[in-house]
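Novice: After the structure tokens below, expect a handful of questions from me.
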């Protein structure tokens, strides 16, 4: 079968190359985070969702790998809710060309399973920890599992992870004053703490107005206290990462409302239902699943993705209050 050469790497009309696939494997989540699924997961009306199978995942990852993608992040929902999660990790890790296999998890299964996930081929781990105060953690997530999640992070280091990334969604009047506690936590731990600005989605207008706070004040603090901006790799995510000689940990800032945020976009998304999303805040996804049924469909799959890439907008339209059709971040993997 003819493969994509390096010259045929996935690229849009703005000369952005795509090294990074965010692949959702389920919409289901067992937490009730204020900024995502405050009422818990509710299946869509109509027939039950049929999420991508392992073979469909293998085919879509193979197509991306043949066209220059080197990193896959497995997302959800909560990806570890899938009973075949370990098999999915292994399948992706065995794909020629894939160098990094990451996942983002709420951490509730970490302590028990992170060892087997690492053995399956997981190379990077992100855990959502929106507060270091157990009561605030429970208020934000709807689950009293703070100690369980923290034990999972400790276990990740025990089984050999050299760094764990911790995601914190910044929310005014909830956790935005915890910076000193977070800084103390990463002083002696190799944790990359990633502060993520609250993003507006279709179902969260009121929450956004009440709790959005910019990451600029944190960046100003970092620059004023000896932190240095770290260079980005081709397949890194959108975070601006800062390092300090006195800290084992790092700090990342993800600020989607900042000017030129989209200029360095290097990632595409495939939903758990097999739809290609050119942007987290774009319109309806592009159907890929009909081309994931047989290995011999790969050329057609690649051609469809490459064609649709030429429709990728130069930037999102969040500043206009347009968050696309994304109802909440669990729907296409955040």
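Heads up, the Cβ atoms here are built off N, Cα and C, so glycines get one too.
Copying in the features that Swiss-Prot gives for the protein in this structure:
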{"type": "DOMAIN", "residues": "13-239", "note": "domain 'Radical SAM core'"}
{"type": "BINDING", "residues": "22, 73, 104, 165, 267, 268, 269", "note": "GTP binding site"}
{"type": "BINDING", "residues": "29, 33, 36", "note": "[4Fe-4S] cluster 1 binding site"}
{"type": "BINDING", "residues": "35, 77, 128, 199", "note": "S-adenosyl-L-methionine binding site"}
{"type": "BINDING", "residues": "262, 265, 279", "note": "[4Fe-4S] cluster 2 binding site"}
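Could you give the neighbours, burial and distances for every feature on this list?
Specialist: Within the same chain, residues at least six positions away from residue 267 (GTP binding site) with a Cβ under 8 Å of its Cβ are 18, 19, 20, 21, 22, 237, 238.
If you draw a 10 Å sphere around the CB of residue 36 ([4Fe-4S] cluster 1 binding site), it holds 22 other CB atoms from the protein chains shown.
According to DSSP, residue 199 (S-adenosyl-L-methionine binding site) is assigned to coil rather than to any helix or strand.
Following the DSSP three-state reduction, the secondary structure of residue 279 ([4Fe-4S] cluster 2 binding site) is coil.
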Novice: Between the binding-site residues 29, 33, 35, 36, 262, which lies closest to residue 268 (GTP binding site), Cα to Cα?
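Specialist: Comparing Cα positions, the candidate nearest residue 268 (GTP binding site) turns out to be 262.
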Novice: Where residue 265 ([4Fe-4S] cluster 2 binding site) and residue 77 (S-adenosyl-L-methionine binding site) are concerned, what is their Cα separation in Å, rounded?
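Specialist: Given the Cα positions, residue 265 ([4Fe-4S] cluster 2 binding site) is 22 Å from residue 77 (S-adenosyl-L-methionine binding site).
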